[in-house]
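In Swiss-Prot this protein carries:
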type	residues	note
BINDING	Lys262, Asp267, Asp285, Glu346	Mn(2+) 2 binding site
BINDING	Asp267, Asp344, Glu346	Mn(2+) 1 binding site
ACT_SITE	Lys274	active site
ACT_SITE	Arg348	active site
Amino acid sequence: MALQFTLNQDAPASAAVDCIVVGVFADKTLSPAAQALDSASQGRLTALVARGDVASKTGSTTLLHDLPGVTAPRVLVVGLGEAGKFGVAPYLKAVGDATRALKTGAVSTALLTLTELSVKARDAAWNIRQAVTVSDHAAYRYTATLGKKKVDETGLTTLAIAGNDARALAVGVATAEGVEFARELGNLPPNYCTPAYLAETAAAFAGKFPGAEAEILDEAQMEALGMGSLLSVARGSANRPRLIVLKWNGGGDARPYVLVGKGITFDTGGVNLKTQGGIEEMKYDMCGGANVIGTFVATVKAELPINLVVVVPAVENAIDGNAYRPSDVITSMSGKTIEVGNTDAEGRLILCDALTYAERFNPEALVDVATLTGACMVALGHQTAGLMSKHDDLANELLAAGEHVFDRAWRLPLWDEYQGLLDSTFADVYNIGGRWGGAITAGCFLSRFTENQRWAHLDIAGVASDEGKRGMATGRPVGLLTQWLLDRAA
């Protein structure tokens, strides 16, 4: 965890912390805690706001020192924007802005009072949970492979949250731990996070908790199961594949929810080799796997009363003399044959066998998560994941969960009219669908291996990582998936 969290019900003016975080709206209205500090300081805060020394527009932060009558030596005032437009997005932005302002520097402990604000259609428990997940995300530092590079170790370490809902805090912390677990895996270089490492890390976590268990299938076991599609992708790599299976037994005899995550630890594209301007970010192609593992972490930490199974096919798509080729015909675990049109459409080839394997758990619902297509990113950008399902109830559950925690998805069609684009003369199905509608035809491909399941597909290509040299794994959609499971457990 980037931060430690506690609950605090002290009067803001007497809180024994390095800094108190309060808010001010564009019309100069103070948040409840800011009003309390203003009263304790005999109007000092109001005077500073009126004089223009405190900015109130969204995204602004102003650090004040030594307000009279206030125990904390610092007060951070966060701009909340227009009161009439204050809702979920401005609240989350304000929490993140406050945390980033204190991420480095002299402040080690702070009291966040923004949880006292009224957020439209949300309750106090939501305010606390989201404050924890957003602030921990904002305070995250990657250090795993920095070597001798000096890390700034100053700044915020402990954040007290105004409120008294211990369960909300615990669920927020569990979710934040899941997000950070996923981000750490996603950010690791591919020479560190190999299929074996991913499997060992997931199994090590499961081994620490009663009710959690892990099974790791090796190449021989997958071959015995007939996973010819997955193993074809793995042929060109010296890093041999694993199938990671994690189980959380919190729901008695109830049918499990099953999450399947694409775990391509590095994607060269294979024989259809990727080029510079994209290939250097292909360590993030395992973020689907990392994020369902992160959701497992959140579920276990929150001790949700459900049964959950997570399946991650962990494979490296590399190239050597034994690598699979365009025009190969391979046989999947389902028995369906697949003509390879492009070796860079490998994610669906490992997922189809993992989805077939997942049927043995008799899922209540089956959801796969994958950085599957650039086409989804072209269509939807970096703001939302793509969602496909033939089951309206399941799709609506996932969409609602994403809206609730602002980790959103947008539904794309999965109509039968697209299926013809996957026709093959030489096999049961072609692994690509042509130039147009690539995200949808990828979903259509997977639908052929989930025909008897209540299934949905999340294409997270646009949301799993930030772009560019300084980009990092985001941990999305751990928030969406955890909220969906919380809703199922309610």
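Note: Cβ is positioned from N, Cα and C throughout, glycine not excepted.
Since this is a predicted model, take the numbers as computed values, not measurements.
The Cβ of Lys274 has fewer other Cβ atoms within 10 Å than any other of the recorded positions Lys262, Lys274, Arg348. Put simply, Lys274 (active site) is 17 Å from Arg348 (active site) when counted between their Cα atoms. Counted within 10 Å of its Cβ, the other Cβ atoms near Asp267 (Mn(2+) 2 binding site) come to 27, all protein chains included.
DSSP assigns Arg348 (active site) to a helical segment in the three-state reduction. If you take the Cα of Lys274 (active site) and the Cα of Asp344 (Mn(2+) 1 binding site), they are about 8 angstrom apart, rounded to a whole number.
Summary: among the binding-site residues (Asp285, Asp344, Glu346), the fewest other C-beta atoms within 10 A of the C-beta are counted at Asp344. Rounded to a whole value, the Cα-Cα separation of Asp344 (Mn(2+) 1 binding site) and Asp267 (Mn(2+) 2 binding site) is 8 Å.
Under DSSP, Asp285 (Mn(2+) 2 binding site) is assigned to a helix (H, G or I) in the three-state scheme.
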